[in-house]
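These come from TrEMBL:
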type     : residues                                 : note
ACT_SITE : LYS203                                   : active site, proton donor
BINDING  : GLY11, ALA12, GLY13, THR14, VAL15, GLY16 : NADP(+) binding site
BINDING  : LYS103                                   : NADPH binding site
BINDING  : GLU188                                   : L-homoserine binding site
DOMAIN   : 11-125                                   : domain 'Aspartate/homoserine dehydrogenase NAD-binding'
DOMAIN   : 135-317                                  : domain 'Homoserine dehydrogenase catalytic'
Amino acid sequence: MTTPVRVALLGAGTVGAAVARRLVERADLYAARVGSPLELVGVAVRDTSRVRDGVDPALLVQDAEALVDQADVVVEVMGGLDRARELIERGIRNGAQVVTANKQLLAHHGPALEALAAEAGVGLDYEAAVMAAIPVVAVVRDSLAGDVVTSISGIVNGSTNFVLDLVARKGVPFEEAVRLAGELGFLEADPTEDLEGLDAAAKIVLLARAAWGAPLTLADVQRRGITGLTDEDFRTASANGKVIKLVASAWTSGAQDAPRVELAVRPVALPQDDPLAQAREGSNVLIVEAESAGTLRLHGAGAGGDETASAVLGDLVRAARRVTRA
Ligand SMILES: NC(=O)c1ccc[n+]([C@@H]2O[C@H](COP(=O)([O-])OP(=O)(O)OC[C@H]3O[C@@H](n4cnc5c(N)ncnc54)[C@H](O)[C@@H]3O)[C@@H](O)[C@H]2O)c1
Ligand SMILES: N[C@@H](CCO)C(=O)O
């Protein structure tokens with residue numbers, strides 16, 4: 001019997017509970033893919049008395065430090081900045097591999113965490129942080145490593161797309177669409193994350209860093225959210241055969257040997273037949289242009305428990321393989 005790879009899960013919310021369920025349901029599959037079983041040693045939560053569907057209550061713990069100290073792989077899906085950073089740093093210093101879905105943490109502290117991980121010789125994987133189930137980080141960083149990416153643009157925030165789609169296709173007044181999105185659970189706990197383009201800004205920073213290796217920060221993003229839009233803007237767009245979308249973009253400018261990376265998140269009125277205009281409801285689309293590959297289009301679910309867990313578990317399998325091969 002091979003030694004199990006010990007996994008510490010930090011957080012059992014929408015994403016964490018889905019990861020925990022899949023680890024149990026598909027244990028045989030992961031064991032075959034890794035070459036060793038994945039053992040979920042515990043799940044750190046704030047309240048251990050709360051029942052989480054499909055998550056063994058015996059695994060719930062409050063002492064996240066003690067949990068991290070037992071792990072070969074730390075999976076951070078609790079969100080937030082300071083606590084998540086402390087625990088990830090602890091895991092890295094212990095020599096654990098780290099997987100996270102935390103886009104804001106990475107947008108703020110990604111380079112420092114990556115430097116720490118490189119120093120410790122461990123991986124820090126974050127495919128789920130950008131567009132959840134849609135594999136985009138690996139595409140721009142690894143699959144296109146032999147090419148030159150020239151631009152990236154997309155609908156990377158499902159919540160605002162849901163709002164804008166309701167207005168454009170169903171004729172719901174803008175304020176009403178925002179309210180409905182909140183009621184249906186489409187908006188983050190702090191809705192300004194979505195509505196002011198902060199979530200999209202974090203995602204485009206992560207993609208641009210992955211594509212160009214440039215030391216970009218959130219301050220480099222020219223950002224405008226959707227809160228300044230009015231019903232008149234939607235009527236004008238529609239009268240001109242256009243659809244308003246919140247578009248996140250990254251492109252290079254300046255000398256070819258020393259290109260500058262420009263970043264923006266802003267509402268744009270797009271022609272109806274533009275590929276980005278096709279994103280319906282909460283879906284995401286990304287268009288990547290590269291010198292040799294030409295135009296690549298990735299489309300799918302950019303949020304949701306199971307969808308995000310798909311990307312987290314993909315990173316977990318790769319991280320666990322590094323553990324077994326070390
Ligand atoms: N939900 C999505 O569709 C989605 C998609 C992509 C990325 N993400 C990212 O995944 C992460 C988790 O998202 P979620 O939707 O599951 O959030 P959530 O709010 O549903 O769950 C967070 C969990 O972490 C726990 N937690 C938070 N702070 C904690 C602390 N200090 N100590 C112990 N437990 C703590 C909470 O109790 C909860 O169980 C976030 O970083 C989010 O940005 C989410
Ligand atoms: N609020 C985010 C969740 C997934 O990152 C979105 O709507 O895209």
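Using the three backbone atoms N, Cα and C, a Cβ is placed for every residue, glycine included.
Annotations in TrEMBL come from automatic prediction, not curation.
The shown structure was predicted, so the numbers you read here are calculated from the model rather than taken from an experiment.
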Check: If you check the recorded positions GLY11, ALA12, GLY13, THR14, VAL15, LYS203 one by one, which have a CB less than 6 Å away from any atom of ligand 1?
Finding: GLY11, ALA12, GLY13, THR14, VAL15
Next item on the list: Select, from ALA12, THR14, GLY16, each of the binding-site residues with a Cβ positioned under 6 A from at least one atom of ligand 2; if none does, say none.
Entry: none
Margin query: Give me the long-range Cβ neighbours of GLY11 (NADP(+) binding site): same chain, 6+ apart, Cβ under 8 Å, in sequence order.
Written below: VAL43, ALA44, VAL45, GLU76, VAL77, MET78, GLY79
Check: Out of LYS103, GLU188, LYS203, which of these recorded positions is nearest THR14 (NADP(+) binding site) by C-alpha distance?
Finding: GLU188
Check: How big is the Cα-to-Cα gap, in Å, between GLY13 (NADP(+) binding site) and the residue listed as 'L-homoserine binding site'?
Finding: 13
Notebook entry, point to check: Beyond GLY11, ALA12, GLY13, THR14, VAL15, GLY16, what residues of that chain have CB atoms within 8 A of the centre of the NADP(+) site's CB atoms?
Noted result: ALA17, ALA18, VAL19, VAL77, MET78, GLY305
Notebook entry, point to check: Near VAL15 (NADP(+) binding site), how many other Cβ atoms are within 10 Å of its Cβ?
Noted result: 27
Next item on the list: Give me the Cα-Cα distance between ALA12 (NADP(+) binding site) and the residue listed as 'active site, proton donor', rounded to a whole Å.
Entry: 22
Next item on the list: Specify the secondary structure state of the residue listed as 'NADPH binding site' as given by DSSP, simplified to three classes.
Entry: helix
Next item on the list: From the binding-site residues GLY16, LYS103, GLU188, pick the residue whose C-alpha lies nearest to the C-alpha of LYS203 (active site, proton donor).
Entry: LYS103
